[in-house]
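Enquirer: This structure is in structure tokens; I'll ask about it shortly.
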Amino acid sequence: MGGMPWKRVELAALVLYALGFYLVVIRKSLRLSHDYSGRLYGLRAGSLAGHLNDLSDAQWRNFRGNLPILTGVMAAFLILVNTLRYCYGLKGRGTALAWLILSLSYLCYLHGACVVFILLIALINYSMVKIFAHYKYCTSLIWSFNLSVLILNRVYEGYSFSLFGQNLSVLDNYRGTFRWHICFNFVVLRMISFGCDYCWTIHSSHFDHKKHIQKCQVCYSGKTCYFALQGLSVDRYTFLTYLCYLTYAPLYIAGPIVGYNAFAAQLEVPQKNYSFAQISLYGLRWILSFLLMEGMTHFFHYNAFVVSRLWQQLSPFEIFIISYGVLNFMWLKFFLIWRYFRFWSLVGGVETPENMPKCINNCHDLESFWKSWHASFNRWLVRYLYIPLGGSRRKLLSIWVIFTFVAVWHDLEWKLVSWAWLTCLFFIPEILVKSLSNKFQASSSLGMLVHREFKAIAGAVTISCLMVANLVGYVVGPSGIKVLISKMAGKEALPALAFIFTTFYVGVKLMFHIREASSSQQG
């Protein structure tokens, strides 16, 4: 009982500090956005109180601009498929055929004649899996082929038809509205998933299923875990279902990522974890989140500072505000994109793992951050890379392979490879500290207090490292890191650095209180 009043006082102090911090950040952000608005790139006429809208991020600008037509396509596809499904009792192959026809028409609009490349590569992968599945080296062959395709697609920028003969060059005038090799990154993950799931079905002893199923069941909080399904019969690995899986319209552009077994099972029996009311509430929350994004981009022009490179002219504290704002903008952008397509998939009867189940401001270690950022990709990596590479027994080695693959999968850019290797460097101390911390059991009140403070300081250091890694990989690049270091290394930056670290420390302590409150409610 003696510890409770102290914790309440600490919580009150932390909340007051957090409120003060956000008041300062909001006020400073509004001032910066106003003072530099005439020099920022990517601002467009807005619809809120005469403010300009920050549309400097190409991905967000394209998604937002195409949202009306995309929603129209979603509504038409769902009405048609669900009508056929429930009026004619379509299951399995029938549902797969309906979705395949619609999805291929969708791909023809997106990629035009380049759909031929997608189908040809898919056919080669399918044939290779079926021919070599009984051999022990099949999974290695699958990985080698798909990595080669991934790299060649980028090197040749989706290929030109003229490469295969001048008679075909006319087809280069019909390449659609969206570069096919960008979307194909997700298709590569699906081709690997199909191949590995099929091989493991034939060689079931090759893979430790039980351990992975338990992990997935925990993260799904007792719901049916489609992602962990292992037991499809061999005859369910058909070319029709395979093509439907690769081209499935709701998940084709951006995911979330779901394994072949999980997808095929839900074509037979639609998901039952979400009721109609829950899916409707999910859609309503998405609309509210979209309105939040609109308010953010109208009043805070964080990304435009990065695109315009004006962040280099700011003070250390102002650079921190812009960096913090950009990371929150990125989180909300991906949150909206992924949940939009997941909503589409849910209404279509296919549940996928939820990306970003936690807010970016509620993660104080690298492991929990990556589990909650691109969560479906994280589970895919655990299933098809981490466990086959040896799991926790070779964790320090496997993280280098995994993050390098993630960087190459995103794009062939040095800044992404730099991000991957920086993340691994920051990951190693965390793994070692966690291993030592798990062995330490504090028995006295003083020992528990010291342990808690040590974890808070370690969390603040981790957040700082995570922020630097993401800024290098997705914002300033390796060249911009020199400017960032020069700005932050001077004596005049020390007060700002002290404030930043204190803020991260306070944030971690608040996360402790949030987790303790959640644990007590669940208990």
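Quick reminder: no glycine exception, Cβ is built from N, Cα and C everywhere.
TrEMBL does not curate its annotations; it predicts them automatically.
Pasting the relevant annotations from TrEMBL:
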TRANSMEM  12-30  transmembrane segment
TRANSMEM  67-84  transmembrane segment
TRANSMEM  96-123  transmembrane segment
TRANSMEM  135-156  transmembrane segment
TRANSMEM  239-263  transmembrane segment
TRANSMEM  284-305  transmembrane segment
TRANSMEM  317-336  transmembrane segment
TRANSMEM  396-412  transmembrane segment
TRANSMEM  418-436  transmembrane segment
TRANSMEM  457-481  transmembrane segment
TRANSMEM  493-512  transmembrane segment
Enquirer: Of the listed stretches 96-123, 396-412, 418-436, which one has the most C-beta pairs under 8 A with the transmembrane segment (135-156)?
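Expert: Going through each listed stretch, the top one turns out to be 396-412.
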Enquirer: Where else in the chain does the transmembrane segment (12-30) make close Cβ contacts, counting only residues six or more beyond its ends and a cut-off under 8 Å?
Expert: 299-300, 302, 317-318, 321, 324-325, 503, 506-507, 509-510, 513
Enquirer: Are there residues at least six beyond either end of the transmembrane segment (96-123) with Cβ under 8 Å to its Cβ atoms? List them, or say none.
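Expert: Sequence-distant neighbours of the transmembrane segment (96-123): 73, 77, 80-81, 84-85, 90, 149, 158-159, 161, 171, 174-180, 183-184, 187, 191, 240-244, 246-249, 252-253, 267, 348.
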Enquirer: Could you give the residue numbers and ranges of same-chain residues that sit at least 6 residues beyond the transmembrane segment (317-336) on either side and whose C-beta is under 8 angstroms from one of its C-beta atoms?
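Expert: Non-local partners: 25, 28-29, 32, 57, 59-60, 63, 286, 289-290, 292-293, 296-297, 300, 302-303, 305-306, 311, 355-356, 359-361, 373-374, 467, 470-471, 474-475, 484, 487-488, 495-496, 499-500.
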Enquirer: Going along the chain, which residues at least six beyond the ends of the transmembrane segment (239-263) come within the CB cut-off of under 8 Å?
Expert: 73-74, 77, 92-93, 96-97, 99-100, 102-104, 106-107, 110, 118-119, 122, 126, 178, 183, 186-187, 189-191, 193-194, 197-198, 226-232, 337-338, 341-342, 344-345, 348, 350-355, 375-377, 379-380, 383
